[in-house]
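Straight from TrEMBL, the features:
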| type | residues | note |
| --- | --- | --- |
| ACT_SITE | Cys2 | active site, nucleophile |
| ACT_SITE | Lys606 | active site, for Fru-6P isomerization activity |
| DOMAIN | 2-219 | domain 'Glutamine amidotransferase type-2' |
| DOMAIN | 287-427 | domain 'SIS' |
| DOMAIN | 460-601 | domain 'SIS' |
Amino acid sequence: MCGIVGAIAERQVSAILVEGLKRLEYRGYDSAGVAVYTDAGQLQRCRRTGKVVELEQALQAEPLVGRLGIAHTRWATHGAPSEANAHPHFSSTDLAVVHNGIIENHESLRGELQALGYVFSSQTDTETIVHLLHHLLKSHADLADALKAAVRQLHGAYGLAVISAAQPDRLLAARSGSPLVIGLGLGENFLASDPLALRQVTDRFIYLEEGDIAEIRRDSLQIWDAQGQAVLRDMVQYHEQAEAADKGEYRHYMLKEIHEQPKVVQRTLEDRLAADHVLTQAFGPQAGELFGRVRNVQIVACGTSYHAGLVARYWLEALTGVPCQVEVASEFRYRQVAVQPDALFVTISQSGETADTLAALRNAKDAGYLASLAICNVGTSSLVRESDLTLLTRAGPEIGVASTKAFTTQLVGLLLLTLAIGRARGSLPAAVEADAVQALRGLPGLLKQALDMDGQIEKVAEAFAEKHHSLFLGRGEQYPVAMEGALKLKEISYIHAEAYPAGELKHGPLALVDSDMPVVTVAPNNELLEKLKSNLQEVRARGGQLIVFADRDAQLENGEGTRVINMPHSHALLAPILYTVPLQLLSYHVAVLKGTDVDQPRNLAKSVTVE
Ligand code: F6R
């Protein structure tokens, strides 16, 4: 999704801005641009469609030399990806704006501004902001005052960075619905939509809150809240190494992140397990008392995180007896929901900034839920800051657009939640919890065994590379695992993939099956195995090509049209986490064979901060 970087310094800023944009590349974008207030006293910009490296080359050919600047990677919402639509947008030659988010009333604003004589050079909603600000500067001499007046007229979501040739000693920022963070330096300050963009220049950050406006100068900072009151916001210092900075020995971030899973799962479990039970306080000081009162769980999330929620429903209902509903956030947020008594509202998100999930949480605030809990990978995210309880998944920065280690650590977090709720309510026998805790301790080792199967899976991928469609089957809690496998494949290889509960096959999708249709199945050795085997026979009888990831004791054999890959034996509760790994590897290898852009697949963004 769109990225913002800004800088005001004694030194030249172009290289810092471009480096920041490169660090945000993983979020997905289709054009990039930079505007600098040059040492010659002019605002100048450079914009390019395509990758940041093209912008960088253009800047090498014609440098923008200055000490104040803003930069942007754009993921098209209003208007096609083109140089004219790329940010920064100018009004006249003295005002430049970059914007993340969507301005919903841009059409009416555009009409009003055109009536005032403003000429638009793009189809973007952003251009209305820069002209509106330009117009308001006629009645508000100070840039911050004009920006405060401008945002009062904007409906929608925005993270904004503004510079002006008339007031070149400041960089302005405004946040509503789209995250912004200020990076603090010595005699220089920075702005970005994600601190990752600024880790090369600082480790000290101030997060803007909803409605904040900031005036950032080289050696001072002023922030006003939504009511216009001057406020001080806390500074956060990062100590941990930026571990995502490079791909190391791996060809792609996605492969690196798949292989990091044993380590990050281990980290997610650290300090959270006692000898025979889950430490409920890991969710927050009030968690024990609140979990004891839970009579219902509502999970809301998007994409891969939604799939994690679907697995959790099986665990929660089976182990705690608590009814659980799971819904995608973009549906939940616009629905009149009948809230159950004593329902815990759970959001799941890698980024913690997904617009729909965040909106659902905000709606839930006044809806009568017992409490809100975020299972999230980013401790400083809006979702975490706005939830009553939190469990951080500690997967580390995930750069590949296709989510991998975030998903498995979410599943670990959700299993911990299930066990914690079960014990707090007294509905989970102590022996069952102790057994699950012991199994969890062995999970990193089990995942390593699954990763060792990489070579075999790479061979299986060859059967896929020429195909156009595929089916993924699972039963029980493996059905959402199949959904996640299908999502991974379509995201990065662009092969059409559908997931079905295996028992549903004969109610329609079986009509699709022929020798051109690979059918991927996850088959742990559980009580549904025999039923699953019958479903597989139905596929074979129609010539379907089966690829089965099966427990080594499942007694499924290779044969004509059937490729069985034996999986290590696992505790039933861990099977959804274990069986996810070969599906991730399968998608990865198919995408590599097809030559797609694995880490930044077409049309997708990492952090979806617009609805
Ligand atoms: C798929 C993927 C997306 C995200 C979804 C939610 O690989 O990455 O489907 O899972 O956009 O994002 P978060 O988890 O950041 O809320």
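Quick reminder: no glycine exception, Cβ is built from N, Cα and C everywhere.
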### Task
Between Lys606 (active site, for Fru-6P isomerization activity) and the residue listed as 'active site, nucleophile', find the distance joining the two CA atoms and give it rounded to the nearest Å.
10
### Query
So for Cys2 (active site, nucleophile), how many other CB atoms are inside 10 Å of its CB?
28
### Task
Count the residues of the domain 'SIS' (287-427) that DSSP assigns to helix (H, G, I), to strand (E, B) and to coil, and report the three numbers in that order.
65 helix, 28 strand, 48 coil
### Query
Of the residues in the domain 'SIS' (460-601), how many are helix, strand and coil by DSSP?
64 helix, 32 strand, 46 coil
